[in-house]
């Protein structure tokens, strides 16, 4: 047999053995997790911003499952709070966040002050900042969650958090206040026409 064929057979045998070992280990050492934690974690926005006081969304999901408040996630907003309340079977808190945090904000980079250090890009958990080394950076407003993690690392203080401009697309339309009236139609039935 040629040396290439022997090498291929040896590598295939090693791959098979290691695959079996990993498969056995994954079954043997499987960690059972609480399904409610997984459901809560799926609802959270996964920005890992830390505004809730926990190092990420998974630890916050575990805290909610253990009875912590459901309204500590500013990037998730009111929609996330309502989904969490529905899942946990609790009432939606009347004031989700304090007044200052309830106004959605996004990062804004003053490009005339930006030196292109990329520290804000590295800090952004959702990759909402674009730019390169020694080039100007800008924020993709639709992607920014307002987590405020990019402000502190900036050496020139060229990043500020500004309120989101209200447009017809992001306006909170309250459709429940529109009166709905059922109009009865008094059309004669076919049997009365005969």
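Glycine is no exception: its Cβ is also placed from the backbone N, Cα and C atoms.
Quick caveat, the model's predicted, so the values are computed rather than measured.
Together with 114, 117, 120, Swiss-Prot lists one candidate of 144, 147, 154 for binding [4Fe-4S] cluster 2, that being 154. In Swiss-Prot, the feature region 'Hydrophobic' is placed on 1-26, out of the ranges 1-26, 27-52.
Annotated [4Fe-4S] cluster 3-binding residues in Swiss-Prot are 144, 147, 150, and among 73, 124 the one listed with them is 124.
Looking only at the domain '4Fe-4S ferredoxin-type 2' (135-164), the predicted model's pLDDT averages out at 89. Here the C-alpha separation of residue 144 ([4Fe-4S] cluster 3 binding site) and residue 117 ([4Fe-4S] cluster 2 binding site) works out to 19 Å. With DSSP states grouped into helix (H, G, I), strand (E, B) and coil, the domain '4Fe-4S ferredoxin-type 2' (135-164) comes out at 0 helix, 7 strand, 23 coil. A Cβ within 8 Å of the Cβ centre of 124, 144, 147, 150, the residues given for [4Fe-4S] cluster 3, is found for these other residues of the same chain: 49, 107, 120, 123, 125, 126, 128, 129, 139, 145, 146, 148, 149.
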